[in-house]
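Engineer: What follows is a single structure, and I will ask about it in a moment.
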Amino acid sequence: MQSLSDIPPSIYLFSCPNCGRSISTYRLLLGSVCNICLEEDKEYKNIGDLIKDIEKQGNLIKLKDIQRVLDDYESFVSVFRRLLGFPPFGPQKSWIYRLLSGESFAIIAPPGLGKTTFGLISSIYLYLRGKKSILVFPTKSLVRQAIDKLSSYIQNLAEIKENPPKVIYYYSGMSASERKEADEGLQSKTFDIFISTNRFLIDNIDQISSTSYQFLFVDDVDTALKSSKSAQAILKLLGFTPSDQDKIKESLKKYRENTQKNEQNEYIFEEIDKIRKDRLASKTVIFSSATLNRSNPILTSLVGFKPGSSVIYIRKVYDMYVKQPDKEQETFNLIKSLLHRLGDGGLIFVPVDKKQEYIKRLQSELSNEFNVAAITSTSATKIDDFANGEIDVLIGSATHYGILVRGLDLPWRVKYSIFVGIPKFKFRLGEKVNLLTLSRLLSLIALITKDQEVIYISRRVKDKIRRLSPAALTMLSVQAKEGKLEDSILLKAYDLLNKYLSNQNVLKRISEIGDFVLSPDNDILIPDYLTYVQASGRTSRIYAGDVTTGLSILLVDDFNLFRLLNKKLQYILDDIQWRELDVEKWTAGDVEIKNLISKINEERNEISKLKNEGNVAPALQKVKTVLLVVESPNKAKTISSFFSRPSIRQIGNMRVYETVLGDKVLMVTASGGHVYDLTTQDMGIYGVDIMKQNSSLVFIPIYNSIKKCENNHQFTDFFESNKCPRCMTTKVRYDSLKSINVLRNLAVEADEVLIGTDPDTEGEKIAWDLYLALRPYNSNIRRAEFHEVTRKAILQAINQPREFNVNLVKSQLVRRIEDRWIGFKLSSILQTRFWPEYCKSLSSNKQLNCNENKNLSAGRVQTPVLSWIVDRYTEYQRNKSRVYYGKIDQLQDIVIYVPKQDGVRKNSKIVVVFNEINQLEEEFGPLPPYTTDTLLSDSNNFFGLSAPETMRIAQDLFELGLITYHRTDSNRISNTGISVAENYLKDVLGDKYTNIFKPRSWGDGGAHEGIRPTKPIDVEQLRLLIEEGELELAKRLTNNHFKVYDIIFRRFISSQIIPLKVRKEIVKIELYGENKKEKINSNQNIIEVITGITLPGIDTEISKFAYVPVRNVSRSVAERLKELGRSIPTDFSIEISNSFIKSTVNLYTQADLVMEMKNKKIGRPSTYATIIGTILRRGYVLESLKTKKLIPTRLGVEVNKYLNENYGRFVSEDRTRKLLQLMDMVEAGQEKYEEVLKQVYEEINEIR
């Protein structure tokens, strides 16, 4: 970042962290407060030092709460250090801060981050503050461990050694004396710390819930929420009544209804928040777990947070494959060979189609040479023996809910996995499949057939699966196989499945898009890719801030199925890399297996050492808590879901998603876009103060927070202190200052703050404003830049943050001030001078208010664009004439157009002579990937979508991680993008893809790319992934979303293949009167017909992925004439059926305007849609319903005339273009922003 002297000055109203007065950029950059709170210009690196200096001055106001928490934090750290010998590290610091702030929250984090230690030390610290604690653990062994740890801590702390807390505890198997002491302590309520199992809590909830306490720590919340009974026990312990729960149920129902209607939900959050605050006023609740497979919506709403899951998609697994031998004994021998060389710590997964008998035979065969055990629901205790090293290798089923697949988290023990075949779903036609497969196949059938009954039943089945536990799903699947199923929805689902799978056409379509293989025995095989990810992921876990290295070896029993597995894995893992294992050479590609195993063993030994010594401090030192701020909630939700199912904190109206990235605990939240804008108060020149300094002008923009009223009007400044200036309501539903205050508190918790707003000038300005607002609270703030919302791009942005680009900020500042000055100046003239005169001329309308019209506006770019529309309409009117037309009966799709002339009228007959037909083949394309202007143009031309609507859709697709950044004028495609095209074509065409694949970068290097898909998924596959629930998006997609995605995908794929071959026929014609004596004049001397489009080298239907901007492909005219028994020359008599008015000049469409702005260089990717939207919204232009042509209104014509006659030189096309070029030079650091603003300032002073 540049020096302070080069930073553009600004004033932020109501933004001093301490007093809420105005504060300058300079003071915020120092990490300080306003000069009223502190006179000295001093830089601060942390908020603690800042608070101390303010307190010395006796001026501490709003920062008192943070001071209290920081003081308590120091006391807590002192206790922590004395107990453990080292201070808290990484996420523990954030947990402590949140606890001391009185926040209830969930800790969902992998082993080794000190969750239990934190809970125990918290109870001791709170005892020192006179507060009682209840700690709940899932098993008696964990209760005993907690008691032992707590006892040793108490002995190590001098100030409580003589007066220790009274600790009572319960677990099965206690001695009679211990039980008696615990009963007495619980009945008399004289304990300080109470520890019990979850089971005891449920059985004795009435007695325990009557006890007053201040801290509840629930370890292994997954167990605590295992049943509704245990969830109810926790709710009762927290003090929530059945009435509270009924209110929450009703509120959640309202929330769902409002969301579907797109109505406001803020008041619902307020109602829930009120209940929560009433019940938890004096309590802090912390849920802790390594995993979470279930949650309770009532409980999560009441406590104000939603636990997540550490089902981590961050993995460091070497994925290898080798062909599985055909014979069973040869397979067993191969596995033995692998085990001898890999050693202990292995998991062997057997696909479910091989049945339990296969597992028994495999166990028996291996037991002769290795210490192995097969795991089932009845032998799960053997996992403990494996964890302790008494068993070397475990064998289990490769099924999504298998014990080894989901119930194992042993990073110190598990080193590798072997899959004896591809995990799969296998069934025969007519067989009762398991519920997960049933749901997937119904989704496919619904997508293909559009049968409303199937769609309805499919959704009901999905809902059931989401609600049911793994055990319940297994039970229902067994009932279905045994013919004992009674559930009417599921029975209907199976009937529909069998009905459609017996239809060969449906079966064929399913096989085309549904990713399954039909085996020689007519079995349907579907790769179970989620099971592969989960099972292989057991070998690569997070422990104490590190992701362990793992090895996965897949014995491939079907290479077609392997191809489908890999395709599916690419959807959820950005860059999985398969290496073929050479067992004899003991290598896989460039990997020496011996070296890899050595590395894995070293890691496991280090983890075991950390675990046994209980000292994870060195490892935790590198674990950081990172706050990532983006603009939109959708983007925040999408990003957080890349790494696990995140836990959710609800703070006011803001959601904070928390997830784990190995050495980082990531908090992701959204600012809601811009948080500041220029004030509309009477300050300076339209919100910009101007000072003279050393004979130069200094421009100081004055910013205020952004507000929104209940009617969704956006503004910065109230009218009469509390009213929306547009509609005068006093109900304000949003003020960005509230969001800023939440972000400030989060910044105190974090070790690092990253701001990941959009990668353009607007995004940089949002990031800059947030940086300044947060700087006093955290000095470690940087910019995270990414051009696509994918796991890989986000990780790169987080791990390689950059400094803020002040030149981009300056450029945006110039754009905004120029827009404000010229806009406010000319708009006020239109509203107060032009309107009264224009209004009076509309004498027929007496209802109009002719004093002032606030809806009128003018702008630097807006006005030239309006001029184009008006001028084009004038030319259109001048060149209008009538055109007649008729169809050739024998060739219905050929229409003949005839200009108005003597002898041509409706119902008259003419003769069309076909003189010659020439057939030719032309190349089409490839066209480059979309830029903003070409996307807006095609979207308007193909679908009639407006520019603003297309930009909203593209923004959604970007934020949901489906396309790259959409505000771009670059065609460049990165190597990552090229690989997306290659992977897709390889999947669709197999080895033939090389016949058409021709990678192109379309430009030199740089950060920006053309608009492209982020994954090798066409629109049909996208619909299927969403319908199956395999791709869960933060927002529901509409048909228009799919349409826009489809053309983006096609245009991109076409940019990476050879040109299309387009077959055409050119028919030369002449027109005559009915008697064939008089020749008729016509502009139509030829008929051009496209008869085919192909890609040489493949025989696959190209319409699935190729960009073909041709709506109709017709049958050959020559062939049709031959069928009619005609030869060239030949003639047809036609009747003129109708006519219409046509001009030789076409009116503009929105697509045309975008291209015009691009070509004339007076627009930007970020402004095209806004400019067109403003012109339409002001009523200057109307858009025709059918043809989507833009027609100026009388108001638009008069506004254009008035502006050009009186202020033409300020809003001319040439002046606008030159000013935009200057702004680009500011962005590139080639022009001083002050000089550009000086020019604009001098200009507006000339406007009278």
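Note that Cβ sites are derived from N, Cα and C of the backbone, with glycine treated the same way.
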Engineer: Given the ranges 226-255, 706-735, 826-855, 1186-1215, which one is assigned the annotation zinc finger in Swiss-Prot?
Structural biologist: 706-735
Engineer: So which range, 7-44, 425-462, 1033-1070, gets flagged zinc finger in Swiss-Prot?
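Structural biologist: Swiss-Prot lists zinc finger for residues 7-44.
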Engineer: Between the candidate ranges 203-206, 219-222, 859-862, where does Swiss-Prot place the motif 'DEAD box' annotation?
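Structural biologist: Residues 219-222 are the ones Swiss-Prot records as motif 'DEAD box'.
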Engineer: With DSSP as the yardstick, break the zinc finger (706-735) down into helix, strand and coil residue counts.
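Structural biologist: The composition, in the requested order, is 0 helix, 11 strand, 19 coil.
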Engineer: Apart from its near flanks, which chain residues at least 6 from the ends of the zinc finger (7-44) lie with a Cβ under 8 angstroms of it?
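Structural biologist: Same-chain contacts beyond the ends: 50, 53-54, 57, 59-63, 676, 679, 689, 698, 700-705, 737, 740, 744, 769, 772-773, 775-777, 779, 806, 809-810, 813, 1233.
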Engineer: Around the Zn(2+) 2 site formed by CYS709, HIS713, CYS724, CYS727, list the extra residues of the same chain whose Cβ is within 8 Å of the site's Cβ centroid.
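Structural biologist: Residues close to the Zn(2+) 2 site, other than CYS709, HIS713, CYS724, CYS727: LYS708, GLU710, ASN711, ASN712, PHE715, LYS723, PRO725, ARG726, MET728, THR729.
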Engineer: Within the domain 'Toprim' (625-789) only, compute the mean pLDDT.
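Structural biologist: Mean pLDDT, the domain 'Toprim' (625-789): 92.
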Engineer: For CYS709 (Zn(2+) 2 binding site), which of the recorded positions CYS16, CYS34, GLY114, TYR965 has the nearest Cα in space?
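Structural biologist: Nearest by Cα distance to CYS709 (Zn(2+) 2 binding site): CYS16.
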Engineer: Name the one residue among GLU631, HIS713, CYS724, ASP758, TYR965 whose Cα is closest in three-dimensional space to that of CYS19 (Zn(2+) 1 binding site); these are the recorded positions.
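Structural biologist: Result for CYS19 (Zn(2+) 1 binding site): the nearest of the recorded positions is CYS724.
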Engineer: Taking DSSP three-state, what's THR116 (ATP binding site) in: helix, strand or coil?
Structural biologist: helix
Engineer: Other than CYS16, CYS19, CYS34, CYS37, which residues of the chain come within 8 Å of the Zn(2+) 1 site, judged by Cβ distance to the Cβ centroid of those residues?
Structural biologist: PRO17, ASN18, GLY20, ARG21, ILE23, VAL33, ASN35, ILE36, LEU38, ASN59, ILE61
Engineer: When you rank CYS34, THR116, GLU631, TYR965 by Cα distance to CYS724 (Zn(2+) 2 binding site), which of the recorded positions ends up on top as the closest?
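Structural biologist: Considering only the listed recorded positions, the nearest one is GLU631.
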Engineer: Take the C-alpha atoms of TYR965 (active site, O-(5'-phospho-DNA)-tyrosine intermediate) and GLN92 (ATP binding site) and report the distance between them in angstrom, rounded.
Structural biologist: 36
Engineer: Of the binding-site residues CYS34, GLN92, ASP758, which one sits closest to CYS727 (Zn(2+) 2 binding site) when you measure Cα to Cα?
Structural biologist: ASP758
Engineer: If one measures from the C-alpha of GLN92 (ATP binding site) to the C-alpha of GLU631 (Mg(2+) binding site), what distance in angstrom results, rounded to a whole number?
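Structural biologist: Distance (Cα to Cα, whole Å): 28 Å.
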